[in-house]
């Protein structure tokens, strides 16, 4: 007996998403590094923490940051995929921890599209599909704007066609 | 005077007797402070006490204002509550969205014949806005409201019987005041409290909370009253006696005293919370739970909103073959602890009773043949499938184990966490001068970790039987959830890096009921997909392919 397995959803997200994820991760790390620099300056020549501690922590953070910022976006781009049929929405996301999410279109409650400030810069948008369950919102991030709009329109149209309580 | 349920469009107030309750409640809440003031007397001088009294007075006034600003009405389509002093707010709930009604009477409420009504709707339970609370109506009104909201009699025009039997102080059980209009609900009793169940009381550990509350109360009393414990005679005596003992004896004494105290408090708590427990089914399609000796609580659950049940066995309770049962339903908060949450169907009771009640409660799988017999391999399994019509109740069916990979993962995870703790303790001991007994104790507990991991694996299991997805997990708190497949909305399949290497996955069935999502942890990926495909026929089919390469 052959064991069936799940294929990947059809569509990749926009290539620009790589840069968006890179920028987002880099910003997070910059905040952390800045905090450490502030700590270093505030500590000054205080004898509470020796300079070697400061330098070690800084170097460790910097190495982790570089590794994360170079590896994560590429890996993520290879994983992130989405697909919407007339019956179901199917996504694959994550990188180190990956996840498939499937929800039937008939159970869709809301379809939102959102553009954060950083996403605006890269001209990207994300689409969130919620169901009656608080555990299962399906999010497709890193779509280019046109695709996002098309997806939203498509999903709302099909969701309206199948009316019901959806709980 | 028009009857409350009559679909008048006039706004109505809560019971004026609440004006008596509010001052009481506030004073009780402020009791530690007030007692402290009494003890302290005027010796300390200062203005602290006036601030305290002023604060209590303000709370009382605010509480009473709440009565004046809160009004409600029931229209043919909606239940509306209007409240707020500075910002007026109207909460409107469509009546066909009412899923559950919860009627609670605290001691004070009961003395005055009042009851608090809480209406649960299908909105996401994380946010509280959807909930509608009426604190409080007279017991008779509350009972009538409950019946009216859940047993939707099709617009029964009623001549209100003025002076309906007002059951002063009586527990608000269903038959107290049958609604004037609808026929008295025919009810069948599914379960009732038995005195022998009290033996499970000490094993619920609910007394821990009581101990915490008493400790908090005492500490506040001490701090506000400026009592110096060291100068109180008996305390001094006890302390001298206590400190004369050896360390080992000291620990033993503390543990023993705590154990006795917690068991007594737990048993008391059990009796108070679950005394008079009754679970009944009404012909209108509702389940009805009443319980409580001092504080009575009546919860009504619409059966067509019931999506499954959860049998939970905390370790202690499991040791004495006890279990509790709660409902997985839309519109109710999930149970937290032993007493909170209205989804409780059976208090800690013998496991066999929990199972038999679960069988009674679960809606019969409507003719769906036991979905897709999993492994049509051996004749033994096919025989058990044949007899499934009688046997394979979701609460008793045998569960499929998750295999050696899941077992290995339990051990690596348990020991991973343990090693981390040990490493941190060692580091602290080496560099920060932590006493050495901390890491020695941690090291000595290694065998316990192995037991825990083994038990966690033993608990893991899943099944798909007579239209229900069944999953079981956990050791310290083992839970077995039977979730109706019709209630499953979608699936999340999560795989971490390590899970991918072990070809395992954590399958989550998302649902609008209960905890919103129920996990089948660390199940073989192919088995997870089979479960999901069988649980929601057709949903996964377009995305499944024959495995031709290892992903």
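The backbone N, Cα and C atoms fix where each Cβ goes, glycine too.
Per TrEMBL, domain 'YdbS-like PH' is recorded for B:67-146, B:457-532. Per TrEMBL, the feature transmembrane segment maps to B:50-68, B:200-222, B:242-272, B:414-431, B:437-454.
Sorting each residue of the domain 'YdbS-like PH' (B:67-146) by its DSSP state yields 19 helix, 39 strand, 22 coil. Broken down with DSSP, the domain 'YdbS-like PH' (B:457-532) shows 19 helix, 43 strand, 14 coil. Across the domain 'YdbS-like PH' (B:457-532), mean pLDDT in this model comes to 91.
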